[in-house]
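Engineer: Per TrEMBL, the feature region 'Disordered' maps to 1-83, 264-283. Annotated compositional bias 'Basic and acidic residues' per TrEMBL: 67-83, 273-283, in sequence order. What TrEMBL records for 88-169 is domain 'Cation-transporting P-type ATPase N-terminal'. The transmembrane segment feature in TrEMBL is assigned to 145-168, 180-198, 340-361, 373-397, 837-870, 960-981, 1063-1083, 1095-1115.
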Amino acid sequence: MENEEDQMGDQDQRLPTNAMGVTQYPHGSNKIQFTPTVKPDRTRGSGEEEAFGAPMTRRPSIPQVMSEKEKNRRKREEEAEKKNVNIDEHLFPHAEVAERYETRINMEKPGESGGLTSQQAEQLLHEHGPNVLTPPKKRHPILKFLDCLLSLFNLLLILAGILEYILLGIDFKDNFQNTYLGAILIAVAFINAFIEFYQQQKSQALLESFLNMIPAKCMCLRDGKLAQIEASSLVPGDVVFCRMGDKTPADIIVFASSDCKVDNSSLTGESEPQERGKDNDMKNPLEATNLMFNSTLVISGEAYGIVIRTGDATVLGQIANLTAGEDKTKSPLAHEIDNFVKIIATIAIVTAIVFFGIAFPVNNNNVSLALNFAIGIFVAWVPEGLPATVTMLLTIAAKRMAEQNVLVKDLQGVETLGAITLLATDKTGTLTRNQMTTTNLWTCGTLYDATTQAGSEKDTAGLGKPGVEDIMYISALCSRAKFDRTDVPIKEREILGDATESGLVRYTAANLPNYDDLAQQYPKVFELPFNSDTKWHMSIHKKPHANGPLTLFIKGAPERVLRLCDKILTGPNGESVPLTDEHKKSYDETYEHMASRGHRVLAFAEMLLPGDQYPEDFHFDKKEKNYPLGNFIFVGLASLEDPPKHGVREAIGKCRAAGIKVMMVTGDHPLTAEAIGRKINLMLSDTKAMVAKRTGRPLNDIGEDEYNAIVVHGEQIDTLTDAEWDNIFLKNEIIFARTSPKHKLEIVRRAQSMGHIVGVTGDGVNDSPALKKADLGIAMNVSGSDVSKEAASMILLDDNFASTVRGIEEGRLIFVNLKKSIQYTISHSTPEVIPNLLYVIVPIPLPLSAILILVIDLGFELLAALQFAWDPPETKEGLMKLPPRKPVTPETIDIFRRRALRRTRSHFDEEAGVVIAPEDQTRLQKLAHNIRELFTREYWADKFENTGAEVLVDGPLLSWAYLEIGMIEAIGALTAFFVVLNSRGITPYDARVMQKGAGPPTNYWTSSAQPYKGIDGPTQVDILAEAQSMYYWSIMTMQMFNIFACKTRLTLPFGKYMFANRVTFYSILGGAALAAFIIYTPGVEVVFGTTRNLLPLYWLIPFGFGFVIIAYASLRMLIRRRAKPINWNPEIQGLQMYPTIRTVRSMSTKSN
């Protein structure tokens, strides 16, 4: 029942001579050697180096590069730390602390303490402010909307819309239809921003409904009277009373307590309850046994304490401030969309300038016409529907994830989850249940599993096994843990009490049929509660036996209980024999086996009190100590653990199989962390110490490339060099133990400095700074703190870690579908731009009017692009067998840091191995430096250096859209255009001649035009309308085929997968219906300049080119697949992918 520090301390004293090979070095060296339970042999295959990075002999050559902003932020953090008054009250006598805060306490009778006076409290409240955390600054909704509106893509749309109105100013009459086009472009930008803004507000509203808005109350002694007051009105010096079930209202120093234990897991990550009393011998405030911190839960007993910190000055407040000081990292998708916008804008501006120069002399130096043309070209390049498509695709994916209990606060977080290369996860409450569970029993010389285990070689404990029933009775009766109610099944009950006792009680209640009646059946007549001096709990009950009416039960620390025993239980009916060295050896081996797995171990003993000495009415007295204190019968041992959650092992296995590095970052003990890590696929291979032991070599002789797993103690983190950080992150299996919130934040920063896209999962206050800094923070809803939920980008509503894996798969799928959607959408840009060029340069009649371009972009194309959101993966597990799209290797780390050097204008001194920061520069100097850099070879070499990363818009995609499929569609549409003209008596040559005469006096292509070869003006208008209708219909038809051509990247664009998404066919039908409506509906042709005279016979032309597109896509895929085969992740040997059943069986082959 001792706290974790005591428990581990007792274990550590034993472990150096451990037969199981567990070694704890003396305090200060921070090195932990842990020989694991037996596991499958594992050797690294040649492909595995590619999956997890380059060979371990290759290291990054450039150390971490920090920006000026990062340096300033760290400097501010250090200054803030100095300003925060360090807690030192735990080192002083209570009387001195009371004197410091001018308060009155009574050590002997704490309930009669005077506390502060009301006048003192009022004055101090005015000085220190209310005992609440400063809420995080929230941006006004209008500013949030502006953030959405001012994204680069929306700015590009708004610019294109403004340019349309500039055209209106140049020539109002001819460009009047641009009024609609400009308004629609600007409206699309606003609508897109609104969709994104609405989704953010909806997620925020849902989040706020989860946060605890009930004002906390507490019991406080003021003016010598105990009263319930608002926790917000507490001030330093107040005397407070906390009991089981209360949340500690502020940071307090305890001056009186009774069996008080607190749950510090949300602050420190320790899963074990921590005992709190008036005495303390620890210097570190977080480890002090006489301090209780704001928001920690009292899980047993009661305590009186003096308030020493309130509000933002509390430990909780300092962590919250650390979170507030962190900038949110921009998502990878946001970066790539911005880059795409820059590419589109560059192409649009360059082509507009070039063709303005061409159009100017061709059109007899007509500035107005050339400018009109240049702006038209610029607008034609802008994919108007794409921003809405991207937002809607992400919204649909977010909705799908919400159905799986994953709340996405930031839309782009959906894709970020699929892009992560490193997942740093908390242990307690995230990987484990934060609920102690009985795992093994050892009694009468036999080791049992507490519950049935898959493939276990041990028997399962049952009431028929000798000694098992005795342990259950001791667990049930010698306990202070209680169920909150008895009118519901045991599984639905809550337990009030210590976590370890709760684990034993829940196990016993599930196995003893008459558990609820035991307290009445065997009433307690005497009890000595657990305390840190004895480290055991004793109780005496009216439980009759052959020699008397009373039975004594005792449980506690194994070595303490064994010391009180001289016999050991051997049979089912209380048979016992004297303890021998052989028994003690068996006990030692069993205890060490349990402890080596990171379990909490308790011992049980009993004594059948003789009736002649202890009759039924015997009065036991604590002061007289007239109760037995030795000669007990040793019954056995029980081990408990905070077990992994269901599905965690398989989830981590799937992440690792997907090439994602999963590491544990916890405040818990290294032994406990590693033991859990080895059960959940997080750690499979040998650590440095294990390699040394296996090979019989000294620890210092083991090279970095000889081991692949590492456990890092938190005390080492502050002294790690850049090279040591790099070595740690190049390992495949990493555990950081005994970490503080600041350590967790530093770990995330270091990983990001190597180019990792970092996901962080956690539920405690201590996780929140790292959650906010990470590329994607994932908080727990049920067990998570309000601070962590605010800091995260995503919340698991059911606290199921396995939802993360589904999210990763969904994120990878949405990236693939987004890429397909963009590839499809921008393919129609070329057949829209080419007609404009030919219209001015050749010239020919305009094949596609501005209004029809808009109908394409915001009509059929929008519907067709959205259907990609429902595309399933091409293969069942294909997405999770591919490496992350931005893999991290020593080579990519160097590239990433080289770019960081360029960004920060720093210089890497290779001889000294250090990064030299630039001298302070003015903004003008920085701008001049950036402009000069554009003309250097290094800049462009770095820009186009192959990092092995897959980006949203890359060279092959742009080539496909603009040069390959785009040109095929342009040729196909122009062919159909000229075939229609030719069928009506106008050859391509005639079309050119007529277009040159489109102005006065001939005015061809207008209703008032002079006849051309007998074709009058109205007929010319009808012919051009039919040809333009055909051009529009051709683009729509060929894009239908392009949908299927864009769908696949692993298989050919035909077959079963083509029919996997029914929405595809709905969108095609919808698009075709829209096109038919625009062309063939009476009266509509007036608006869009189309005609009903278009013969369906001409549809065969774009259909033919559609089959050409499918054939070309198939040939292209075959060539690419041969030139660049798919790089699947190699299989990781040793992964345990079977389900977690209640508790997890150790892979140890220890015999019964």
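Backbone N, Cα and C atoms are what each Cβ position is placed from, and that goes for glycine too.
What you see is a predicted model, and the numbers here were worked out from it, not measured in a lab.
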Engineer: Look over the recorded stretches 145-168, 837-870, 1063-1083, 1095-1115 and say which has the most C-beta pairs under 8 A to the transmembrane segment (960-981).
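Structural biologist: By the under-8 Å Cβ criterion, the transmembrane segment (960-981) pairs most with 1095-1115.
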Engineer: If you count every Cβ pair below 8 Å, which range out of 145-168, 373-397, 1063-1083, 1095-1115 shares the most with the transmembrane segment (340-361)?
Structural biologist: 373-397
Engineer: In the region 'Disordered' (264-283), how many residues does DSSP put in helix, strand and coil?
Structural biologist: 4 helix, 3 strand, 13 coil
Engineer: Can at least 3 Cβ pairs under 8 A be found between the transmembrane segment (180-198) and the transmembrane segment (1095-1115), with each pair 6 or more apart in sequence?
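Structural biologist: Not in contact, no.
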Engineer: Just give the helix, strand and coil counts over the domain 'Cation-transporting P-type ATPase N-terminal' (88-169), going by DSSP.
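Structural biologist: Going by DSSP assignments, the domain 'Cation-transporting P-type ATPase N-terminal' (88-169) contains 51 helix, 3 strand, 28 coil.
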Engineer: For the domain 'Cation-transporting P-type ATPase N-terminal' (88-169), report the average pLDDT of the model, please.
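Structural biologist: Looking only at the domain 'Cation-transporting P-type ATPase N-terminal' (88-169), pLDDT averages out to 87.
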